[in-house]
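Summarising the annotation, TrEMBL assigns transmembrane segment to 7-26, 63-87, 99-118, 124-146, 153-172, 184-204. Residues or ranges marked as domain 'Peptidase S54 rhomboid' by TrEMBL: 59-201.
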Amino acid sequence: MKFDFPPVTGALIVSCVVIFLLQHYGGYNDSLIAHFALWPFGHEQAQMASGRIITVGFEPWQLITFAFLHGGWLHILFNMWALFLFGPPIERLFGASKYLLYYTVCTVLAALAQLLVVKFFTGGFYPTIGASGGIFGLLLAFGMLYPNVRLMLLFPPIPVPAWLFVIGYGALELVLGVTGTEAGVAHFAHLGGMFGGLLLIQYWRGRLPLKPQQRLLR
């Protein structure tokens, strides 16, 4: 039997898992967090998990690298499960190169949203990690491109159409972000990933003032 799993999604999952193992079992957590997590603008001293105090701060590559770091088993399991579910249908529809571009744009917009919210609203100097910004972009794409596919809720366990699931999840993230509920979760990064996905899909559909050379999506 031929195993036909989309290559970019597979590479993303493997990369995240390998880096997670290096973080938590290879002794590289301090170095990876210090250099590759998404830190706020500026530079300050911060205490690492090991107790070391080092100077950290924003660097441009962190707009992408933060998405390959995860804080614990539940964090990476939920993110990789979502990537496993929503990545393949979007990659098969877009093709590998366009899918990678889409995921990258969503990740970068998620990072920028988080940086701006911390800079102008919440304050604090702490790192952001996790693939969920890109994954929320994939969720947005799934809801827009497969709107009538039914997804099963966990609580209550009932099926709902993908478009309703995405709108509901986005609204929940907005409420949680505005109210400051569930501290430690980057809700506005999730929304930034969805917004990046919305912009790119609408651009590919030719529905923005700036038009592509040819429409890439219906």
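Heads up, the Cβ atoms here are built off N, Cα and C, so glycines get one too.
Below 8 angstroms of C-beta separation, residues 6, 8-9, 12-13, 15-17, 19-20, 23-24, 32-33, 36-38, 99, 104, 107-108, 110-112, 127-135, 138-139, 141-142 of the same chain, each at least six residues beyond the ends of the transmembrane segment (63-87), sit close to that stretch.
Between the transmembrane segment (99-118) and the transmembrane segment (153-172) there are fewer than 3 Cβ pairs closer than 8 Å, counting only residues 6 or more apart in sequence, so the two stretches are not in contact.
Within its own chain, the transmembrane segment (153-172) is flanked in space by residues 139-140, 142-144, 146-147, 191, 194, which lie at least six positions past its ends and keep a Cβ under 8 Å from the stretch.
Taking H, G and I as helix, E and B as strand and the rest as coil, DSSP gives the domain 'Peptidase S54 rhomboid' (59-201) the counts 103 helix, 7 strand, 33 coil.
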